[in-house]
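Straight from TrEMBL, the features:
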- N9, E381: Mg(2+) binding site (BINDING)
- K16, H205, L206, G207, N208, G209, D279, M280, R281, G327, V328, G329, E330, N331: ATP binding site (BINDING)
- R88: substrate binding site (BINDING)
- D145: active site, proton donor/acceptor (ACT_SITE)
- H177: site 'Transition state stabilizer' (SITE)
- R238: site 'Transition state stabilizer' (SITE)
Amino acid sequence: MPTPILLLNAGSSSIKYQVIDADSEEVLASGLIERIGLDEGVLTHKRADGEWIAHEDYSNHTLALQAMVAMFHEHGPSLDDVVAVGHRTVHGGDKLTETMLIDDAVVNTLEVLSPLAPLHNPPGIAGIRGAQKALPDVPHVAIFDTAFFSSLPPEAYTYAINAEVAEQYAIRRYGFHGTSHNYVSHKAAEYLGKPYEEVTQIVCHLGNGASISAIKNGVAVDTSMGLTPLEGLVMGTRSGDIDPGIIAYLHREAGLSTDAIDTLLNKKSGMAGLCGKSDMRDVEAAMVAGDEAATTAWGVYCRRIAGYIGRYIAILGGVDCVTFTAGVGENSVAVRRDVLSGLAPLGLVYDAERNALRSREPRPISTDDSPVTVLVIPTNEELQMAREVKAVIVG
């Protein structure tokens with residue numbers, strides 16, 4: 001008998017959803033609600049046998065989710081058989097460190113943690129409350145982006161600032177994209193034919209947001225994102241690592257408020273800030289056409305990734321594999337080429353022909369005699385979420 005699970009990923013003005021049969025792992029339906037709280041909202045609902053689009057104003061997440069339920073009622077599949085609703089939740093802090101059933105205490109903790117993720121937790125909470133109203137008779141489960149990194153040792157999660165201040169304001173490295181890192185690292189071990197607990201590896205999740213993780217014998221020991229998703233790699237619109245003195249300098253010399261600096265670093269920096277383009281496909285096209293700013297931005301982007309790989313190889317004392325995943329990591333031949341071009345001395349010897357191949361299956365892009373296996377593995381965060389929800393409700 002099918003055991004469908006509804007998975008929700010709520011943003012500030014959008015909700016992505018998917019229904020997956022937890023037993024067969026088949027996707028039964030998927031969709032996207034856009035422009036929540038804005039004029040001219042759009043709901044796109046997809047099944048294998050068709051696609052339906054509705055145009056309506058959705059003033060809040062509750063109304064948007066009610067419209068989603070109506071779409072399921074009209075076009076299927078039926079939500080009557082759904083056994084649980086899983087919610088992607090960005091920041092669980094150091095209190096919510098595993099996938100769990102949502103109750104009032106969990107929601108209250110998420111509200112307390114909202115200052116740590118002001119762009120992500122509030123819409124996530126709105127999505128939870130809206131879904132609980134729309135589907136009140138099934139269990140709701142939270143899957144935390146930060147949970148996979150709850151195993152970080154103190155030397156990895158501690159910032160070298162005043163310890164009392166750090167403790168008072170819960171300032172530490174939390175890490176994000178954990179669901180993707182979890183899924184891909186398990187797939188990498190499976191590809192290598194080794195038990196997960198015997199594989200030491202690095203996973204490069206390169207999308208518009210990007211992060212790298214270091215995993216030693218199945219345990220995450222470091223990651224590039226920190227207190228917030230702003231730290232680490234250069235991203236589409238986020239700066240990644242910068243000298244923290246820049247923040248005080250901009251406040252003092254440019255008169256920018258903390259909110260303005262936050263917006264600058266999160267939404268107007270990264271590749272967009274360097275060359276005016278946040279999509280790496282556009283950056284590559286501009287670079288090939290001779291655009292100097294795009295060429296510099298590309299170099300900054302790839303250099304940062306290569307530097308983190310080298311750092312983590314040193315921390316881990318060597319690795320079995322390095323894996324590229326997510327939109328850029330899976331699809332950009334040129335990014336992988338330029339990241340790997342200088343890493344042969346560290347054991348990563350890539351094969352240009354293999355790197356140029358495209359596939360939706362896990363595949364190697366290193367030479368047969370490369371000391372470190374380099375892989376490309378498509379991520380599947382929704383499937384990982386479904387598996388974790390199933391584990392909670394079935395036991």
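Note: Cβ is positioned from N, Cα and C throughout, glycine not excepted.
Listed in sequence order, the recorded positions near H177 (site 'Transition state stabilizer') (C-alpha within 10 Å of its C-alpha) are D145, E381, out of D145, N208, D279, R281, E381.
If you take the Cα of the residue listed as 'substrate binding site' and the Cα of R238 (site 'Transition state stabilizer'), they are about 21 angstrom apart, rounded to a whole number. In the three-state DSSP scheme, R281 (ATP binding site) is classed as helix. Here the Cα atom of D279 (ATP binding site) is found 12 Å from that of R238 (site 'Transition state stabilizer'). Neighbour counts of Cβ atoms within 10 Å were compared across the recorded positions K16, R88, H177, R238, R281; the minimum falls on R281. When the Cα positions of K16, H205, L206, G207, N208, G209, D279, M280, R281, G327, V328, G329, E330, N331 are compared pair by pair, the longest gap among these ATP-binding residues is 24 Å. Taking the Cβ of N9 (Mg(2+) binding site) as reference, residues of its chain lying under 8 Å away and at least six apart in sequence are, in sequence order, I15, K16, Y17, H87, R88, G127. Comparing the recorded positions D145, D279, E330, E381 on other C-beta atoms within 10 angstroms of each C-beta gives the minimum for D279. L206 (ATP binding site) has a Cβ environment of 25 other Cβ atoms inside 10 Å.
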